[in-house]
Amino acid sequence: MRLRKKAWTNEFLNQHTYYLIKYDKKINLNEIFLNNNPTCLEIGCGKGQFLTTLALKNPNLNYIGMEKSSTITAIGLKKSLKEFQNNSKKMTNIKYLNKYAENLLEIFYTDSFSRIYLNFSDPWPKARHYKKRLTYLGFLDIYSDILIKNGFLEFKTDNDSLYNFTLEQLKLTNKWEIISNTLDLYNDQELLKDNVPTEYETKFHLANKNIYKIVIKNLK
């Protein structure tokens, strides 16, 4: 169900523009973060739990959370600011971007990111909507362009159809190499040891749903 826009959204975002990416040309990430640390991108960052946990854990990495809903962007940013405050840390390595994945190439240069995360993306179950799925070949080509060579993309889902679709799309390209692939993340100790759960993931795991995960390397 689509979340209705909250009345406070615009005011909150306008008060916190420092943490929002605005652009009229392609973005230089070194200028955005005022450093040259590697940058990771979460596409569809939801309410920010995953992004915030990683940013707190890895202060020498930069993180961008991309979300198409302005209200969810605001909720995520609010959560990030609160968690950093609770940990007595200044939030310097997270920025939020309220845009669609279709806009990636007009926003970012080639080789901008070291890692991309796709967590529990909309499966778009109707066959006619297959090009909207974030692991459709057209999107995979975009990710390959904005990732550095040998950079990684991590994909998690509870949806078996989207998981199988993703594997089929990967067969259509030679730009990627599958590094890890599991049908049950919580019974894969190697992948689980560094796993950071999302809000949805925790909910699905508690409901005894399998979590699928694929990690792929960008071969360019």
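Each Cβ is built from the backbone N, Cα and C atoms, and glycine gets one as well.
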From candidates ASP24, ASP158, ASP160, Swiss-Prot puts in the same substrate site as LYS126, THR198, GLU199, TYR200, GLU201 the residue ASP158
Rounding to whole Å, the Cα atoms of ASP158 (substrate binding site) and ASP122 (S-adenosyl-L-methionine binding site) are apart by 11
Expressed in Å to no decimal places, the gap between the Cα atoms of GLU42 (S-adenosyl-L-methionine binding site) and THR198 (substrate binding site) is 11
Cβ neighbour count (10 Å, all chains) around ASP158 (substrate binding site) is 19
